[in-house]
Amino acid sequence: MDIPPSTPSTPTMIHVEEEEYDQLRSFYAKKRRAPMNQVEYDEKYGYQKRLKDGGKFKKRSTKVASRYYVPFTSVTNFKIFLLNLFPIFGWLPKYDWKNSLTSDVVGGITVGVLQIPQGIAYAILSRQDPIVGLYTSIYPVFLYIFFGTSKHASLGTFAVVALMTGLAVEREAFIPSDNLNSTLLPGDEALPSPIEVSCALVLGVGLIQFLMGVFRLQFLTTYLSDQLIAGFTTGSAVHVLVSQFKELFGLRGLVKHSGPGYLIRNVYDTVTNLPKANFMCCAISLATMILLHCGKEYINPIMKRKMKSNIPIPWELVAVIISTIFVALIDANELYNVKIVNKIPTGLPELSLPNPNLIPRVLPDAISIAVVVVAVHLSLSKMLAKKYEYEIDAGQELYALSFTAIGGSFFPTFPTSIGLGRTMVGVESGVKTQVATFFSCLFVLSVSLYFGRFLETLPMCVLSAIIVIALKSMLWKLRDLKGIWKLSKIDCCIWMVAFFATVLVDVSEGLLIAIFFALFTTILREQYPKWHLLANVKDTDEFSDTQQYQETIFYKGICIFKFDAPLLFHNVECFKKCIEKVYDEWKKSSEFNFVKEPNAGKGSKFTFEGMHRIAPITEIPLHPGINRDPILPRHFVIDCSGFTFIDLMGVSALKEVFSDLRKKRVQVYFASTKVPVREMFEKCSFFDFVSKENFYPTLRDATGIARLRQTEFGSLDTTSIPEFDEISNVTNNYPTQ
């Protein structure tokens, strides 16, 4: 039996698609309706105006207020309130002890191992004693278990936040130039200690985040775009990098600089003092960075493939242990003047109240840190929640961050934040729930209680090397600039402004400048938006940009214009200039002139309800001095689909454009106007100036009516042209005296 040759699948597939296309075309052809204006469209399809809600503001206010008093109206509501405020009461009873506990234990300990070297290193960066970094990785992080809704977020120390803390501490507290552990000198008693400033800053951050939660202000973080955050964090990474040069090279006696441009002066001082660098510090720093780089980039991937395990080797901890032993064996502190951590206290810290008098002095820093922490936290938490298919409550996360900060301020800590590297290591290690955070805190607590004294000979240059290697991923974001420039020039400019403002001015000021610039670009894009000349795409009812599509058809005597932005006070002048430019170009083109055929209107097969609807030539008073206009030879269609909303100056601009074009014997059409814009027209009595018959539901309706008017009626003019008095409109809005 002969096997029939196989039929190629591609032609068959194409044939099926063509049949389906023919069926769809036939379906839409049957559904095709006759062109009509907006009034007829609304009447035929039962348009209903939205009911005026005079108490809308009152209802919204009541709804907002109900969030605060409803929980106390009944026992059931109070129980729901507690479950929302303490999510642990909801997820802990449902915890899968059998399948999740092992993963959470392993993942939590893995994260805890990372917390130790990072905590000590970032404590130095925040101008605190090393033990404060361990406390920061324990107490605030532990509180997050009770209030947080993210299963994978790893709170703790973060380079950018530690840097911002260190800048505030240097400004407000007394810090000996070369020895962080020295006592205050006589005469300096009036200055607060670094830990006092830090705790006040933590309390300020917590209070700001609490207010953001109370007033549901998490939407403010949307103004911090990904490019803005990337540029800001990269610029902050440069600050962190420069701040570590002193310990990396073992330099002493460098002058402290502050104010705009201080980073450049610090770099200059470092370069000029390089001949005084400590050789042993340089060697230890270099060896540590080589160990960390090779371990993370080469050894860990090999071990992951060979051992089939996602748990990475904690090279930071390895570097800490090796360097601590090495410095202790050769007595590098005494013989080579290698600066070490010195005594790390063991035991639990004492509770103390933050100094509220310091909060006003660190308030600008607290606001900047709070915004950065919330933006990074919500962004990363939402990404992980989406990936692992669970929900987080953004409002509750604000409360969680605020409670962890407020509670942590009673301990010797500095502001905490989610750490991208730690979080991703935890995810790869198998973290499933917040229980992993408990074991992470437990591990760090055991180190601070019993093993801290073994780290006394840890060299400071190793901590700086750990920080520098941790900054690698941030600094390498500079390589993304080329791709961002190709995708969006404006986003690239936002990135660069955030970066250079942060580097050249300062961290907090750079963030503020970047936010204002990003908002300015938004205003700029709306003030000078794109506009398009549209034409009918061949063999379709669609209208597209003539610069994007070549197979388009221009209709004689018809011009279609689209403005891609809301019509507001800041872009009405641009809108009017664009209309003038389009009209001038249209006037020069061959499509401007419409030649009426001798037999136009004779023997035509007109299929609509009545000729009067298409060309009303009887004079009907709309308001004193303005009559309805008969048919004109040329037609200008404004596609209003880009007007998402409009203000009073936008309405006045449309009146002016309508009046100017009518004086040039051009009939003006408004197509695809959104309902909120039409409601605005109703409120402003716009339809007393421009008849509702000039509005059409789609571009197809507007151009269809325009072509029918041309074909059936030719050219009829009028001696009465509505004129918009711009001078009176402007002067009415200003005081007369």
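Residue numbers in this text run from 1 along the chain shown.
Just so you know, glycine gets a Cβ as well, placed from its N, Cα and C.
Per TrEMBL, domain 'STAS' is recorded for 548-706.
Look at TrEMBL and you will find 68-93 (among others) tagged as transmembrane segment.
Here the transmembrane segment (105-125) has Cβ contacts under 8 Å with residues 131-134, 136-137, 154, 156-159, 162-163, 166, 180, 240, 243-244, 247, 311-312, 314, 316-317, 319-320, 341, 414, 419, 421-422, 425-427, 429-432, 435-444, 447, 455, 458, 460, 463-464, 466-467, 470 of the same chain, all six or more residues outside its ends. Sequence annotations record features per position, and here TrEMBL assigns transmembrane segment to 105-125 (among others).
Per TrEMBL, the feature transmembrane segment maps to 132-149 (among others).
The transmembrane segment annotation in TrEMBL covers 195-215 (among others).
According to TrEMBL, the transmembrane segment annotation covers 311-330 (among others).
TrEMBL lists 366-385 (among others) with the feature transmembrane segment. Same-chain neighbours of the transmembrane segment (366-385): 150-153, 158, 160-161, 164-165, 201, 204-205, 207-209, 212, 218, 220-221, 224, 226, 229, 232, 359, 391-392, 394, 397-398, 401, 415-418, 420, 423, 427, 507-508, 511-512, counting only residues six or more beyond its ends whose CB sits under 8 Å from a CB of the stretch.
Sequence-distant contacts of the transmembrane segment (397-414) (same chain, six or more residues past either end, CB-CB distance under 8 Å): 85, 123, 126, 128-129, 131-133, 135-136, 139-141, 143-144, 146-150, 155, 157, 161-162, 165, 195, 198-203, 205-210, 212-213, 217-218, 349, 351-354, 373-374, 377-378, 381. According to TrEMBL, the transmembrane segment annotation covers 397-414 (among others).
Among the features that TrEMBL reports, transmembrane segment is placed at 458-475 (among others).
Same-chain residues lying 6 or more positions outside the transmembrane segment (495-520) and placing a CB less than 8 Å from one of its CB atoms are 160, 163-164, 167, 223-225, 227-232, 234-236, 238-239, 259-264, 364-365, 368, 371-372, 481, 484. Taken from TrEMBL, the feature transmembrane segment covers 495-520 (among others).
Here the listed stretches are 68-93, 132-149, 311-330, 458-475, and the one with the most C-beta pairs under 8 angstroms to the transmembrane segment (195-215) is 132-149.
Of the candidate ranges 132-149, 311-330, 458-475, 132-149 has the most C-beta pairs within less than 8 angstroms of the transmembrane segment (68-93).
Between the transmembrane segment (311-330) and the transmembrane segment (458-475) there are 3 or more Cβ pairs closer than 8 Å, counting only residues 6 or more apart in sequence, so the two stretches are in contact.
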